[in-house]
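**Student:** Once you've had a glance at the structure underneath, I'll fire off some questions.
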Amino acid sequence: MEAMNHQRLTVLLGPSAVGKGTVVARLMELHPQIFLSISATTRDPRPGEVDGQHYHFLSRERFLQLVNEGAFLEWAEVHGMNYYGTLKAPIEEALAKGRPALLEIDLAGARQVRKQVPDAQFIFLAPPSWEELESRLRGRGSETEEQMARRLETARVEIDAANEFDHIVVNDEVDHTAAKLACLMGLA
Ligand code: 5GP
């Protein structure tokens, strides 16, 4: 990713159930010019998720083929279960057109992007409290106990790494949080 305005690239990390999806949806409503990266994943679609819109849902074989081709800016095995990755080409294209680009990825992915694109901006979306996060995660009810335990453990590790990020934004209220993110992306 040479000769691009990397300051227009923002990486957003937030533990499962922190409300990242809602905040990002609000941000996109307010600023539709943002290019929101659609990740590739090997996990199964949840009810209502659309291929090419929420994720590019790929087989493990196809995913690993793309890894070998060097198509990913970053990729990681998340929650020890499935692969997730950011395809390079659409991001390069968006940045070349001058659009701000936003990546929602996990900690391992964010660290890879930090190495490859050090002047990108890294934002951590934090819950108002750990208790709140846990109750939101349990309230979602879309996962088994085992999956939820994994997600809670991942969230703990992510929260411990929050100070590696350029900014920590507490998701207290969706409009307020979306406005803060827009401001950090130079869009407010
Ligand atoms: P979910 O399965 O709930 O949609 O996402 C699980 C986790 O995968 C989230 O924490 C999210 O940040 C992470 N994730 C989603 N897309 C990517 C990606 O492209 N790369 C990496 N490294 N992580 C991702």
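Glycine too: its Cβ is placed from the backbone N, Cα and C atoms.
Per TrEMBL, domain 'Guanylate kinase-like' is recorded for 7-186. Residues or ranges marked as ATP binding site by TrEMBL: GLY14, PRO15, SER16, ALA17, VAL18, GLY19, LYS20, GLY21.
Give me the structural setting of these features: burial, nearby parts and distances.
**Tutor:** Sequence-distant contacts (6 or more apart, same chain, Cβ under 8 Å) of ALA17 (ATP binding site) comprise PRO127, LEU133, ARG136, LEU137, ARG140, ARG151, ALA155. The secondary structure of ALA17 (ATP binding site), as reduced to three states from DSSP, is coil rather than helix or strand.
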**Student:** Beyond the listed site residues GLY14, PRO15, SER16, ALA17, VAL18, GLY19, LYS20, GLY21, identify every same-chain residue whose Cβ lies within 8 Å of the center of their Cβ atoms for the ATP site.
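**Tutor:** So the additional residues around the site are LEU125, PRO127, LEU133, ARG136, ASN171.
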**Student:** Count, for each of the binding-site residues GLY14, SER16, GLY19, LYS20, the other C-beta atoms lying within 10 angstroms of its own C-beta, and report the residue with the smallest count.
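**Tutor:** Sparsest of the binding-site residues GLY14, SER16, GLY19, LYS20 by Cβ contacts within 10 Å: LYS20.
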**Student:** Work through the binding-site residues one by one (PRO15, GLY21) and point out the residue whose CB has the fewest other CB atoms within 10 angstroms.
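**Tutor:** If we count Cβ atoms within 10 Å for the binding-site residues PRO15, GLY21, the smallest count is at GLY21.
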